[in-house]
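*Asks:* Features from TrEMBL:
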TRANSMEM  12-34  transmembrane segment
TRANSMEM  40-59  transmembrane segment
TRANSMEM  103-125  transmembrane segment
TRANSMEM  131-150  transmembrane segment
Amino acid sequence: MDLNPPAGENYAHPWICFFHVVFKAAALAFYMLSAFFVDNFVIIFVVTVLLSALDFWVVKNVSGRILVGLRWWNEINEDGESVWKFECLDQESLARMNKKDSWLFWWTLYLTAVVWIFFGIFSLIRFHADYVLVVGVCLILSIANIVGFTKCRKGTWSYYGSH
């Protein structure tokens, strides 16, 4: 993964990019700043998890499909087993995807999980088990998207509209 965004190219979907980042930033910022402004753990938990859930939904259902051409979901089959499903645009369409959109998608996806891990370690060091719970829920949502999109990118998919 390149550390620098592609030069000379604008975002093809600036509003999608905005919403891809805004819920991540809002959840992280609220969690970080809530200690200064909110004295109620329940409010911190609910708002932070709600913002992370909104981020999860936007990434999984909107920005992943539009920015990188990937989709994933999970189904329970007749035997009660969990089955992951993956879809991807065809190779020609993938080749036309905007490199800057893709760069933003992947870097923010992984960086958010790293920040949640940092917050989790910090909460453990401070012996705040309740805040570890908040971080754990947010981290699980982030990792679910990382696993889903990474598996999808590795080629265990079918093309859109093929089912």
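Note that Cβ sites are derived from N, Cα and C of the backbone, with glycine treated the same way.
Keep in mind that this is a model prediction, so the values were computed, not measured.
Structural setting of the listed features?
*Replies:* For the transmembrane segment (12-34), same-chain residues at least 6 beyond its ends with a Cβ under 8 Å from one of its own Cβ atoms are 43-44, 47-48, 51-52, 54-55, 58-59, 62-63, 66-67, 98, 100-101, 104-105, 108, 112, 115-116, 119, 134-135, 138.
Long-range contacts of the transmembrane segment (40-59) within its own chain (CB-CB distance under 8 A, at least 6 residues past either end) are made by residues 19-20, 23-24, 26-27, 30-31, 34, 109, 112, 130-131, 133-134, 137-138, 141-142, 144-145, 149.
Long-range neighbours of the transmembrane segment (131-150) within the same chain, counting only residues 6 or more positions beyond its ends whose Cβ lies under 8 Å from a Cβ of the stretch, are 27, 31, 41, 44-45, 48-49, 52-53, 55-56, 59-60, 64, 68, 70, 72-73, 84, 86, 109-110, 112-113, 116-117, 119-120, 123-124.
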